[in-house]
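Visitor: Mind looking over this structure? Questions follow.
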Amino acid sequence: MDATFPSQHNITARPAPGRIRREQCKLAKRLRRQVGQAIADFGMIEANDKIMVCLSGGKDSYTLLDMLLQLRAKAPVPFELTAVNLDQKQPGFPKHVLPEYLSSIGVPYHIIEQDTYSVVTRVVPEGKTLCALCSRMRRGALYAYAETQGFTKIALGHHRDDMVATFFMNLFHHAKLSGMPPKLRSDNGKHVVIRPLAYVSETDIIAYADAREFPIIPCNLCGSQENLQRKQVGVMLKAWEKEYPGRIEQIARALGNIRPSQLADQSLFDFLALGRHSNTPLPNAHAWLAGDLANDTAP
């Protein structure tokens, strides 16, 4: 009997284990380089910093903690890391996952228990997104804990794509050119917030989290809401990236390459002084429009 071979169309090529390991090592090295570069560029970590790493149980915060642990092993300055999670009392939240994981890797941690879930679901009208209020309450709880424990820095897991998306959300919905900075001082002036994943793409984080097999905890509070503005912007950016590969990276670079004289913000550039040949006060808009205003008729 002749041997029967499978159709070419039924054969699925699988990468060799050695190749997979090499690709994973290259990915980890790239992430370490990008995180280390961001830390250096923005002065995120100083000697003897006591850093609170906000761990939600999502891919971003797991990757953040993992990268900081790897970099700390060979860092030029000593610093401490403590993972902190806010248990918002969401129904079905697997409380055992984070303690078991953090204990297994020997990372000090603390779980803050605060029922923000009931407050948010009670206060926000049905059909409205919960993210804004949830974020404010979560931030308040984390900041309060950081203050009581004397943390010098608060590390968040926002990545490059988050920062680009925030820029467009502010552009589209608030008419302003602002985004999500890699490092900032909190509104109350008491905390320094850092985002070490500022140079890392979401695609790489997804691949890294998958390779490391982190015990991901989905967000059932806001993750299932399909009408979020951020998701809409995300769809737009992914479409751009698919049609024009590298576009998100170009936009991210542009956020650090501002030319105030090429925009129109008078607080950043003195347009009034440009080309002036005398010190005579310039007429204001009312003076320029005086003729039109005089001819206006009352409604």
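The backbone N, Cα and C atoms fix where each Cβ goes, and this holds for glycine too.
Source: prediction; values computed, not measured.
For reference, Swiss-Prot lists these features for the protein:
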- 56-61: motif 'PP-loop motif' (MOTIF)
- Cys131, Cys134, Cys222: [4Fe-4S] cluster binding site (BINDING)
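For each feature listed, report its degree of burial, its nearest neighbours and the pertinent distances within the displayed model.
Guide: Averaged across the motif 'PP-loop motif' (56-61), the predicted model reaches a pLDDT of 95.
DSSP assigns Cys131 ([4Fe-4S] cluster binding site) to a helical segment in the three-state reduction.
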Visitor: For the motif 'PP-loop motif' (56-61), what does DSSP give as the number of helix, strand and coil residues?
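Guide: Each residue of the motif 'PP-loop motif' (56-61) counted once, the result is 3 helix, 0 strand, 3 coil.
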